[in-house]
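Worksheet: the structure to be examined is printed underneath.
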Amino acid sequence: MTSRSEANMAVLPQATAEVCDANPHLIMNGELRALHPIFQIYGRRQVFAGPIVTLKVYEDNVLIREFLEEKGHGRVLVVDGGGSMRCAILGGNPVQQAQNNGWAGIVVNGCIRDVDEINGCDIGVRALNSHPMKANKKGMGEKHVPVTIAGTRICDGEWLYADTDGILVSRTELTV
């Protein structure tokens, strides 16, 4: 029996490595891209997938919290935090809220904190690293804009697939 939130979650059609092996044409034409392997794996859900919502911030987490307070409907929040290593832009409380609101995962081009708390949550989280200092709270940033992280341009509405081998972004939902 699956819970309502699990029923809303997209599933990875097959392992990311298998998806790459089976779709060289999608890789060649740019419809399927792999992010550079720069992310650490956090959260209990090591495999997650879903439609992407993009956000661009720098050392500020107000907009991240606002997004995660909304119902996730199995989506993945992709946050371009500018790669900052000076503070954490995501912590345990918003991740707990994201789990409760049905988000499939969060990918952060920046740092997180409250790692033990995040690792207890049934959600997928990828981030560059952890940092004990908290972010600013000015509410600065851009929602639903194309972002470029880990060597890849990512647009709102594309699909993200993550497992322990890496992260793929596809222009459309992948099927088996």
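Quick reminder: no glycine exception, Cβ is built from N, Cα and C everywhere.
Keep in mind that this is a model prediction, so the values were computed, not measured.
Annotation comment: TrEMBL describes Gly91, Gly92, Asn93, Pro94, Arg113 as substrate binding site. According to TrEMBL, the Mg(2+) binding site annotation covers Asp114.
Cβ environment of Arg113 (substrate binding site): Ala88, Leu90, Gly91, Gly92, Ser130, His131, Pro132, Met133, Lys134 lie under 8 Å away, each six or more residues apart in the same chain. Between the CA atoms of Asn93 (substrate binding site) and Asp114 (Mg(2+) binding site) there is a gap of 9 Å. Summarising the substrate site geometry, the residues cited as binding it (Gly91, Gly92, Asn93, Pro94, Arg113) extend over a maximum Cα to Cα distance of 11 Å. Each residue in Ala88, Leu90, Val95, Gln96, Ile112, Asp114, Glu117, Ile118 lies on the same chain as Gly91, Gly92, Asn93, Pro94, Arg113 and has a C-beta within 8 Å of the C-beta centroid of that substrate site, without being one of the site residues. Its own atom aside, the Cβ of Gly91 (substrate binding site) has 20 Cβ atoms within 10 angstroms in the protein chains shown. Taking all protein chains in view, 17 other C-beta atoms sit within 10 angstroms of the C-beta of Gly92 (substrate binding site).
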